[in-house]
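What TrEMBL records for 82-99, 152-176, 196-216, 223-241, 261-287, 299-323 is transmembrane segment. What TrEMBL lists as domain 'Heme-copper oxidase subunit III family profile' is 150-326.
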Amino acid sequence: PPPYNFAILPSVRSRDPLWQPDANVPRTGYLLHRGREALGVTPLAGEPDVILKMPEDSYAPFVLGVASTLVFVGLLFHSTQFTALAGLACGLALLSWLWPRRSLGQREPFAPQGTTPAGKVAETAAESITIRSEDETLALPVGSAGEHAGGWWGVLTLVVTETALFGYLIFSYLYLASQSAQPWPPEGLPKLGMSGLNTVLLLTSSVFVWLAGAFVRRTRSWPAFWSMIVGIALGVAFVTIQFFEWHDRPYGLATNLYGSLYFTITGFHMAHVMAGVLMLAALAFWIARGYFDGRRDAALTIGGLYWHFVDVVWLFIFSVLYLSPYWMRGR
């Protein structure tokens, strides 16, 4: 017989879908006929809950792969300028790849099969999750938002893996400190002035980033923009003070074991903060361009998740690197 594919995507909601009564599943499935779409499901139950708009054709992944290869070529030949240019090309390709396109976020009108835009689903949730008639499929939102966004789950996975990384580093620090026969830190107790100020700055920036998201959800774009700018400025101030603190240290990365651990832990965190500042700058630009509104704020939720993670990690680093030596000396 000639090959046959499904005209519509069937909904599989159990281990034995063919033996389920017809009344327990949508009769017609979900007809994805408006461009590049995919059916999103809940992570645990596997039930359809959203229609995802897929990215368009792009050369950016290929360019990113070539530029990444050139970065290692530059490192192999010890060419700083070539490596820097290739790294810049990586950044531009990544930015082009991830740059939001207005067409991917526009809400579609009511589809013939009963699918509704995400905004309508948010307004009439009770109505939208019911079957309108015996031959009509379940209404689903078009485009992901909040915790339903694929990017939210991706960043959450990143947060979990980075939590493990910092957990290993902090555990190594505490273990080696407990095994050291010499005073820890060797150069004396750390000063709390700059690090304490940095802690206040980073926590305050987290508050302003949260305020930016709250203003966007209330359709107040300019207060959201300036709140994000303040959060960025506080992040930049944190980075600047951290560099001054590094410069004032009487030891370096290779001076002793404590110096290696200190600069490794704070260096990794600094890299995360700098990446977060760039991300917040992109979000501020999109806020100023009017890209976000009360229903279109998934990127702000995702960016806020990452930035709050960076702040929480710093609390652990501050407690372990700056406060724990006082407690260990006092035992």
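A Cβ is built for glycine as well, from the same backbone N, Cα and C atoms used for every other residue.
TrEMBL entries are annotated by machine, without manual review.
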Long-range neighbours of the transmembrane segment (82-99), counting only residues six or more past its ends (CB under 8 A) | 58, 60-61, 63-64, 67-68, 70-71, 73-75, 282
Pop the mean pLDDT for the domain 'Heme-copper oxidase subunit III family profile' (150-326) in here, whole number is fine.
-> 89
